[in-house]
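According to TrEMBL:
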type     : residues  : note
REGION   : 1-21      : region 'Disordered'
TRANSMEM : 113-134   : transmembrane segment
DOMAIN   : 126-393   : domain 'ABC transmembrane type-1'
TRANSMEM : 154-175   : transmembrane segment
TRANSMEM : 224-245   : transmembrane segment
TRANSMEM : 251-270   : transmembrane segment
TRANSMEM : 331-355   : transmembrane segment
TRANSMEM : 361-381   : transmembrane segment
DOMAIN   : 457-689   : domain 'ABC transporter'
TRANSMEM : 750-774   : transmembrane segment
TRANSMEM : 825-847   : transmembrane segment
DOMAIN   : 825-1063  : domain 'ABC transmembrane type-1'
TRANSMEM : 905-936   : transmembrane segment
TRANSMEM : 1012-1045 : transmembrane segment
DOMAIN   : 1116-1341 : domain 'ABC transporter'
Amino acid sequence: MGRTSSGSRHRDGDDKDESDSVFVETTKAGHPMENANWLSFATFTWMGSLMNLAYKKGLVDSDIPEVPQKEACKRNTDLLEQLWAREISFADLSSNSRPSFGRVAWLYCRSRMFLTSIIYFTSLILGFLSPTIIMKHVIALARATETDKVDGLTWVGLLILCELGRVFFVTLTWAMSYRTAYRLKAASMGLVYRKLLRVGNLTDQVSSKLLNVISGDCGRLYEVIVAGQVAIGGPVVLVMCAVYIWFELGWLPLIGLAVFPLAYPLQYFLAKGSGSLRRKAVQVKDERVSLISQALQHFKFLKMFGWERYLYNTISDVRERERKYLMKSQLLQSLSIVLGPTLPHIAAISTFLLYIMTGKYLVPTQAFTLLFVFSLLFFSIRMLNSLYESWYSFRICSERIKSLLILPEIRDTSEKICDTNHASVDEAIIIEELNLVRRGSFEPQEGNTEEEKEKRKEFKNINSIERLLGNSECDSMSFQLGPIDLHVKKGSFLGICGYVGSGKTTLLETIAGALTTEKGTLHIYGRTAYVPQHAWLFKGTIRDNIVFGEMFDSVRYYSCVESCCLINDFGALPLGDLTRVHNSGSNLSGGQRQRISLARAMYHQSADIFLLDDPLSGLDNRVGKAVFENTIINKLRKQKKTILFVTHQLNYLKDCDEILVLSDGSIAERGKHENLIEAKDSIYNSLWSCLSQYPNEHEEPLVEDSDILDLQMDVGAVTNAKKLQLELEKSRKDVSPEVYWLYIKSSGGWIALAVVVLAFCISIGSTTFSSWWLKHWFGESGKLKSATGLDDIASSDGNHTIVSETEESEYISYDSPDFSFNRDIYAGLIGVIFFGSLFRTMFYVMATMKACKVLHMKLLRQFFCSRIKTLERIGTGQVFNLFARDIGEVDGSLPNNMENFMQNIFVVLSVLILVSSIFPQFLAFALFVFIVFTFYRRIYNAAIRDLKRIETRSKSPIFNRISETVKGLGTIRAFNKERLMTDEFEKFTDASNSVAYTFSSSVRWLSIRLDFLAVMMTGSVAVLVLIFHGTISAAAAGLALAYAAQLSGVFQFTMRLASETEARFVSVERIHTFLSHDLQEQLDIDGPNVLNESTTEVTLKIEPAIHPNWPTVGHVKFDAVTLSYSSNDPPVLRDVSFEVQAGQNIGIIGRTGSGKSSIGNALFRLTELKAGSIQIDGVDVSKIPLQKLRNAMCVIPQDPCVFHKTIRFNLDAGRLYTDNELWKVLEKTGLKSSIENLDSEVGLSHGQKQLLCIARALLRQSKIIFIDEATSNMDVETAAIVEKLLADEFKYSTIFIVAHRTSALASCENLLMMEDGGIRDFGPMDVLSKKPEFKESFEKFESVALE
């Protein structure tokens, strides 16, 4: 999008939010390529200004031009969607046809591919004519004592022109392929995302897999088109080479070419095996990345609960499985690479020996022309291998994408009539015989009955997304909703309640459109607005989240904000409602998130039906009442909106027209409040009875909740952290030597490097030596006495040999001097080449795979040993990228790039050595070319580093948007915002593809210039042959020309690989930067030597006086504690001193930023104290190892921290307890009846997940418990049971309770009131509640519209 309208340019990392679009709005029109002429387009000259800017100033996001209009995501997605719809229709009409995404992709790009193929075949023909006809005449000039200058210059000129034409048409092929590939990539990404918005029953478990489909499979489609377009030349070149060899040598030497047909099946199986193993590795990677994502989400919990070691071991085990697949895949991939330069030389040796052994004469014009032809066979082998890989990758990607595209959509299973024109219809919602099954993780057990078989069949159909995206185990039937029959009249107020796990949320999600029904019908008459139980916020400002794509109406907006009691919240934020939302709202409190979600629904006044899923659960009673009155009673009811209101706070249900009571997924009771309360044995009556025993109706309002497990700091700290954000990406400097040393050290150090270099020397050196030995053999051979005689020999065999006009000519024949010796050496080189290649493959793969293992281990260890504030400053998105994308680069792209680069650099060196040994003058011209090349490379490196970093950053918004979409699918569908989300996604995709297209174009910009330089080098050798004709042997001239001609392709490819390898090392650089942070915790994760050498912490030792079972009683003392999150931040705790006796309960209250959560941070040593001390049972906690300290305490968060793993793992990640102990705590929390197997994956409701967290705490039985009110999202009966359970089970423990409701303080002996980081008051509850000044202070907080 070019430069900003003001012309300002910002460096990377300048206070730029990760969620922002990659590019700012600009005034530059169009893409420069669209205005380029055909010559500029073919040679990428239009990139000149951008490359110059990169070299002089560096590139920033605003310098990247807009994506070309014809490559725009929307345009191409519309076209691909039409083709896919036609494919589906055809498949429906034909019983024998199945839809194929591969066929649709072919139809989409076949016209451009046909045209590109014609251009590419032109380049192949020119490339073949150059060595077979023109070069042959140039070699013949070498031994001629006299030659026509004009004739000689003509052949040299034709050689150069032919090579220039080849380079031009090859570059034009790439230019067209790029555009075709990016169109297909953008179209497939857009098509998959549109499908995502229409598919039901998606859960968080498949989020990472969907990311892999869009970022992985759609990205591989681009690679397939680009590589496949070039790869089709492999078979063509092979046929041309075979015909030429037959023409030159006859049919018998073709036997030597048998290595190629034999190699094709080998190449096929190598490619197929490598692809299959890589696919398995991707499946395991999905699991690893999902665990990392969950670890990031629950990072603070992991720290406070001391579970870092268990997650580290779990992820390490998954990584080891992934590495084994990668190791095998890389071995096959490396064998495929090494076959390229090996087979042509083996074939050349075999062919020449067969030809000579039949008694024929081999002359230099034949041998070295054919030697270059065999180098073309090297290209053929490489391209054929690429063709196999491209075909296999295309098939796999197409199948994965197709399997997603054919999944049932919401409208396939339920009828939603979102139309307000049905005025005659009295009902707003009609549900008839609705059934729905929510699943967990494992497939139903085998059974032979028809019913069981049908269940498994339905199960596999509905959950095919899990299997197609790489998960071999599907979900179990963990919860069933239905059958449900429900008619809701327009304008009615329907309350819904029930026990935890009864199906309340599932019912509303189904109506909202997040879930797909299996049976029955669902009719919705009108537009819907949805407030989910977990507030869904996307990255953007708070205002953006409330307005959600609607036109901004300030009167309506501030009316909604005021009714949701958000005015004072906005006043407390640095940018008010323009404050950006981070990580699903982690920089906001739970109550703020919920009220913002409610405000979004209220702002959409056009909605007719409001689905409110427990919107007041995170609010205290008084604020909850105010919000209830302002929004539901005074607005929605007066506007006669239809309301479905789920709540656990039964006192709100009195105002409902009708109440539904759900139990076990079905409607158990239905009626008005008065009728249900009179039924003595009703569920509703029992819930109210519990409410009367544990009343919260008259709770005093407390202050805003603190969200103890948020990864973000308080508002002020967040602002400071934003200023101090640590960029993983450096500026325009080259990749530092420390980065390369990190990789070398991880692969085994200098010894491993030396072994790998030696292996490459043997592998490439042996092939070069074989060509040199052929030249040497010609030099020792006899002379033909008569050119006529040679012609007779040649013509008698049907061959056509150009012979010099001299009376002598070099040749090799059966009767040549030392024939046996030279033959044995030449034949023995086959074995040296073969075993040298195997040696190289084995050691290279071992070294690179060791580097992959060590780097991931270090990164994972550093991650779990990092302090929370370090991750906050870096950003969770960037940390996730380290494990997802950067480790992926280290696993695959970097080793492949490095191997190709090292192979080619040795080839280039061998060319320079051989040519300069024949023509020393060549070194002068090579020096000139090197100077020009250095200039181009400096420009290119400056551009590619910036482009690579921008490209890496440009993908984050796409990943974030997919993740947000999966989490907020119900909200998006309920508000009918699919078009809005699609438009935003397409903008992000265009932005990312624009960077990628510019990156690819910069590569070709360099390639064509280096190819021109290589053509000049080939031409210089031809000129030298012409100048020194008659003084050098034909064999020497042929060897020099044959190897110099190889530079035309190899030189640019090598230099490009050098820059690409350096660009790939950006991922290692990011890892190195993360590893360099010394803000680590002293944790023993996988052994005693866990910390890097750079750590500045002093090793902490347990004092001898500490009791082995410390803490024994739980006495806690804060002594003048001062805490600051960094040296630049103001203290969040100031001189805090208080003492809690063993077994006491202490309640902590205070406004946002008062320091409530900081008490827990200090106690668990999440941040080290600036001054003062904390003692537990008389021992200073700073003297206790962190692992022991945190394992001695326990935390119960407000938002449940549950991993997408088994019940056993969520209870006992370290496998420290027996099954009986696990079942016992499940029974105490009432979860035993809902769980059949400890090894089944979690498939629980929100309330049940909270009970699981409490069961986890019961299992530990710590002496010190830190609780962030854990019952806010439970029904009153379950909450009462939990509160009694906590009182009974932890009666001998010291409990800190961060309270948001007065009911949570009922069991507290003391109360700690925080204000501005200090203690406002501390003492017994009954004493403080009687103090007038305390009541006055409390009245002040009551007036603030915060919880």
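The backbone N, Cα and C atoms fix where each Cβ goes, and this holds for glycine too.
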Result, the transmembrane segment (361-381) in contact with the transmembrane segment (113-134) (3+ CB pairs under 8 Å): yes
Stretch among 154-175, 750-774, 1012-1045 sharing the most Cβ pairs under 8 Å with the transmembrane segment (361-381): 1012-1045
Candidate ranges 331-355, 750-774, 905-936, 1012-1045 - greatest C-beta contact count to the transmembrane segment (154-175) (under 8 angstroms): 1012-1045
Cβ-Cβ under 8 Å with the transmembrane segment (1012-1045): same-chain residues at least 6 beyond its ends: 130-131, 135, 138-147, 152-153, 155-156, 159-160, 163-164, 167, 363-365, 367-369, 371-372, 375, 771-772, 774-775, 778-779, 804, 809-810, 910-911, 914-915, 918-919, 921-922, 925-926, 929, 932-933, 1051-1052
Across the domain 'ABC transporter' (1116-1341), average pLDDT on the 0 to 100 scale: 81
Distal contacts, the transmembrane segment (331-355) - CB-CB under 8 A, six or more residues away: 245, 249-250, 252-257, 259-260, 263, 266-267, 270-271, 273-274, 277, 362, 367, 370-371, 374-375, 377-378, 381-382, 385, 389, 763-764, 767, 770-771, 774, 812, 823, 826-827, 829-830, 833-834, 837-838, 840-842, 844-845, 896, 899-900, 903, 907
Tertiary contacts of the transmembrane segment (750-774) (same chain, 6+ residues out, Cβ under 8 Å): 338, 341-342, 345, 348-349, 352, 367, 371, 744, 822, 825-826, 829, 832-833, 836-837, 839-840, 843-844, 847, 850, 902-903, 906-907, 910, 913-914, 1035, 1039, 1042-1043
